[in-house]
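Chemist: Starting off with a structure, shown below.
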Amino acid sequence: MTTLNDTMNLEKESQGIKKKRKIPSEISILLVLIGISIMFEILGWIFVGQSFLMNMSRLQIIVLQVSVIGIIAIGVTMVIITGGIDLSSGSVVAMSAMIAATFAQSSSWPKVLFPTLTDLPFVVPLIVGLAVGALAGFVNGWLITKTKIPPFIATLGMMVSARGVARWYTDGSPVSGFTKEFAMLGNALDRWMPVVIFIVVAIIFHVVMRYTRFGKFTYAIGANPQAARVSGINIDRHLIKVYTIAGLLVGLAAMVAIARIKTAQAGMGLMYELDAIAAAVIGGVSLSGGRGRIAGTVIGALILGVMLSGFTFLRIDAYYQDIIKGAIIVVAVVIDQQRQNKRKKTT
Amino acid sequence: MNSAAVEEAVPVNGAIPRDQSFEYVLEVVNVRKEFPGVLALDNVELKIRPGTVHALMGENGAGKSTLMKVIAGIYQPDSGEVKLRGETITLENPLKAQESGIAMIHQELLLMNQMTVAENIWIRREPKNTFGLIDHSEMHKMTEDLFDRLNIHLDPDAEISTLSVANRQMVEIAKAVSFNSDVLIMDEPTSAITETEVAHLFDIIRSLRKQGIGIVYITHKMNELFEIADEFSVFRDGKYIGTHASSDVTRDDIIQMMVGRSVDQMFPKEDVELGDVLLSVKNLTLEGVFQDVSFDVRAGEILGFAGLVGSGRSNVAEAIFGVTPADSGSVWIEGEEVHIKTPNDAIMQGMAFLTEDRKETGCFLSLDIQENIQSAVLHENFVNGGGFVDQVKLNEESEALCQKLRVKTPNMEEAIENLSGGNQQKVLIARWLLTHPRILILDEPTRGIDVGAKSEIHSLVTQLAHKGVAVIMISSELPEVLGMSDRVLVMHEGHVTGILDRSEADQVSVMNLAAQ
């Protein structure tokens, strides 16, 4: 601001603010991921007699499983950064999947639900799925901003209702027999398609959160809603956008999931919301809002994926897997809490 | 329920026989308390006689509240001592103070809103029945007895949230009395209650005085001082000024003691040629908060807002800026009426608003300096078509501003919570300067920051006025308002009680309008 130059005469004294980039906190999470991978590698050689990492099909399965949760977790990350929470993701996966699946069926399938809706181009079910997810997200955002109920309650309501819609829509029967085109969404590129979609979505939202006004508003609202308001930010409108986008990503994840496994069931997506929240929290996203990055969430999702695969690889009982997973989530939040306390003490 | 059980469950704290072997029930001797950068209490003293009402007077920031927090055990003094009934005591925490017989009624009432009156009063001391469970009927009875003594008419089983502010105050008083305290501290108890409620409160205070309790009464209202207080002590800038009997002095004497000092040359106010009227506010009203507020500010003018905390100064600013829009009245900029419903509307009109509470409504504590500075310009020149932020340009301008304002920080990626108060304030000022405002509203721009940063901010404000910015400066620090302003607008209980020219505004004339 040149106008101040002549008035304050401070140029000579001001020493210039040094450029010094801090090491991003994602690096430490990445180190955890590498550490865990190496641990499984070593344990693999000891107990199973084979390599954990040098196995392409295992690695592919890990990233494929991570992709669906990862796409959801990116939306959830934005919601958590605003200071909110979204419990409805898992149920909305089922709702979007069930509704969109009925638009994706091939006429050659013997049990077609709606004979008039067969052999449609793949964009039709895709758009339907995205729209159902976005609508659910919009309703979440609308409830939170207009009725001022806590995000926990609004999305809890959506979680229960969306599951109900998923069951009611086909009376509980699964939907299969998709067109080849639609199935490509989950299997193209030598079955790497979901991973490609996940990476593209992650990059887009990484850029959005760091370099656009939308991203800056999201952080500002989570950091201090009152200050954000005084800065001229329309909080309600922005929150509705964030929840709608989070819902849209849930819809996308649902499409990828059913295209890959070639069937949609009302019971699918169970506990996905918690896995997505866990991925974000492990990735360093603060549940009190205003802090966290997409890159962290991606790594957090990978940590979850590697752990599950590793436990299975070591033939650890599924019950133990859940117990350990729960402990990891709690530990991640404890670490986050301690980081915050430390920050408070320094001021 | 036998009486022995009651006594066991309800320790009669501080029930030491009130003999008169001591002249003062509470004595504060040479107490000093320093906060980083601020000497809040400079070897102050205070002597309270039993059975008297002792008023504490002083401007905002004089040190009254800090002293009360020392007496109530919330702060520990750096040096000096507190004597209760003639004996030196150490108050490690509020509980210890309470058990020793010092009760404080805070300005912001600290009651549990979802619990009943009786539960609030007897918490931690609930009467128990033979099974060790809480005896609700006994608790009800105890509350009624207490209320009878104090002539309070409230249902012990009513939930606090259903009570008016005045009635909550009564509950707080009853609770304080239930400890059989020797010293009762009341921090501006009449700030939020009506005249008839004040009369009732004073009746209660008089009856407590008769029982030999020493009452410390903090107030800004002169007439209350003469009505209820026997003695008063004056504080100024953390220093003890003196103690007198209220019958010995006049209102002007007290104001003189409170404001005492002459305005020093700290404020680099320069005469600026005033331009046309830039902002004009007409009959602005927000029901129950402020009424019929009208004023003009011209280009290059600094209009000071004086008045006590709670007089509606900040609310007027919030209404103009669209944080809490007014119910009626109009705002005009350069002769045209504008309709500001949100802060965004105000920013678009070239307004900027540095809010009163840095932590609550100013800083994004988890974000860095750069992110804090740019939050108000993301609507404007720095965003291109796709919503992408021109970070390079923003970084350059923000950094230049930080250097001009001499923000002390290793780099722009430092979290704002690691900066001192003065530097945080400079960052927030930089946020608004980046919007190139033509109307700048500053609410307590120098509160809680050190003298160096303070004078830097003052000279900056003067320079902005030179550039033709219209400035509204709200401050509780009277010398600051008088030193910086071209004119001073004074508010009292939601009304503008006067707009004084620089030549006619002095501490006495402003205090007269502010305290009525």
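Placement of Cβ uses the backbone N, Cα and C atoms for every residue, glycine included.
Automatic prediction, not curation, is the source of TrEMBL annotations.
The shown structure was predicted, so the numbers you read here are calculated from the model rather than taken from an experiment.
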Chemist: For the transmembrane segment entry in TrEMBL, name the matching range from A:294-312, A:313-331.
Modeler: A:294-312
Chemist: Per TrEMBL, which of A:151-169, A:170-188 is transmembrane segment?
Modeler: A:151-169
Chemist: Looking only at the recorded stretches A:59-80, A:122-144, A:242-261, which one has the largest tally of CB-CB distances under 8 Å to the transmembrane segment (A:189-209)?
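Modeler: It is A:59-80, which has the most Cβ pairs under 8 Å.
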Chemist: What residues elsewhere in the chain lie close to the transmembrane segment (A:59-80), defined as a C-beta under 8 angstroms and at least 6 residues from its ends?
Modeler: 53, 86, 89, 93, 137, 151, 191-192, 194-195, 197-198, 201-202, 205, 209, 218, 222, 242-243, 245-250, 252-253, 256-257, 260, 272-273, 275-277, 279-281, 283, 285-287, 289, 292-294, 296-298, 300-302, 304-306, 308-309
Chemist: Is the count of Cβ pairs under 8 Å between the transmembrane segment (A:27-47) and the transmembrane segment (A:122-144), pairs 6 or more apart in sequence, 3 or more?
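Modeler: Checked: the transmembrane segment (A:27-47) vs the transmembrane segment (A:122-144), no contact.
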Chemist: To the transmembrane segment (A:151-169), which of A:92-110, A:122-144, A:242-261, A:294-312 is linked by the most Cβ pairs under 8 Å?
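Modeler: That would be A:92-110.
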Chemist: Excluding the flanking five residues on each side, which residues at least 6 beyond the ends of the transmembrane segment (A:92-110) place their CB within less than 8 Å of a CB in that stretch?
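Modeler: Result: 72, 117-120, 122, 124-126, 128-130, 132-133, 136-137, 158, 162-163, 165-166, 169-170, 175-180, 182, 247, 250-251, 253-255, 257-258, 263-269, 272.
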